[in-house]
Amino acid sequence: MKRKNFTEVSEFIFLGFSSFGKHQITLFVVFLTVYILTLVANIIIVTIICIDHHLHTPMYFFLSMLASSETVYTLVIVPRMLLSLIFHNQPISLAGCATQMFFFVILATNNCFLLTAMGYDRYVAICRPLRYTVIMSKGLCAQLVCGSFGIGLTMAVLHVTAMFNLPFCGTVVDHFFCDIYPVMKLSCIDTTINEIINYGVSSFVIFVPIGLIFISYVLVISSILQIASAEGRKKTFATCVSHLTVVIVHCGCASIAYLKPKSESSIEKDLVLSVTYTIITPLLNPVVYSLRNKEVKDALCRVVGRNIS
């Protein structure tokens, strides 16, 4: 069968929040504020964990890795979005779009599997406390972090290779960054294979972590219920609630965004979901999981007190 000739597309333009009209300046101020808070909070967490030896444990090692990943994650998406809110119709090259999607997929996948590693850490700490330091060795922690990044890299190569081998007819991306489905819609040809790849990858990235975390917490809850002291049960359970909150928000938004049927898709809902998992969730992590943590707050007080004195 003879291949059709397609006009070569060299750049895209984001439609973004153009439908919000006069509210775009308000959105810019809100998103900029959240962006700055996210960067500051995550940088504070990474810095405190690095310089305070009391926090040199597997749990806080994973926290620092998640905070670092979330920082880069926001840097990949938000600055370009803020630029588009002020200067409309700012183009992005095909290579720039591919690069943004590549790092977005790496970091989003990495975050999911880091949360899984943190769930395993909680399982070992609560269910196998006497062997915790032996099991959660530096070597295993490094392997879990490298494994998370490696899975993210593999998924990104799969996605970007499949996506940018497509011929594109349209140039206007009905979104605020190079997300998978909005870019796929611009293709001139049938994208069934790409949709199958996306569904398979998304299912793996979402359901494998959820499944492993679920198993971990079934075992954790059974151990918590065996604790004799009510105060002990409450304290142990509190350490798990923050992690579960982040997992539910992160994986919940991702599953709705990437696994919902086409018939249920709408531009407004997709924008709200995307804002949640690209802008709100990276701020939620440090607030819920770290800055409310007593050990982190104590470490912050020690660092501030040391600098003042």
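Counting begins at 1 with the first residue displayed.
For all residues, glycine too, the Cβ spot is worked out from N, Cα and C.
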With respect to the membrane, does Swiss-Prot record Ser18 and Asn165 on the same side?
yes
I'd like to know which of the disulfide-bonded residues Cys97, Cys188 has the most other Cβ atoms within 10 Å of its Cβ.
Cys97
Taking the topological domain 'Extracellular' (258-270) alone, what is its mean pLDDT?
74
How about the transmembrane segment (271-291) and the transmembrane segment (55-75): at least 3 CB pairs under 8 Å, pairs 6 or more apart in sequence, or not?
yes
Taking the transmembrane segment (237-257) as the first stretch and the transmembrane segment (140-160) as the second, find out whether 3 or more Cβ pairs fall under 8 Å, excluding pairs closer than 6 in sequence.
no
According to DSSP, does Cys188 (disulfide bond) fall in a helix, a strand, or coil?
coil
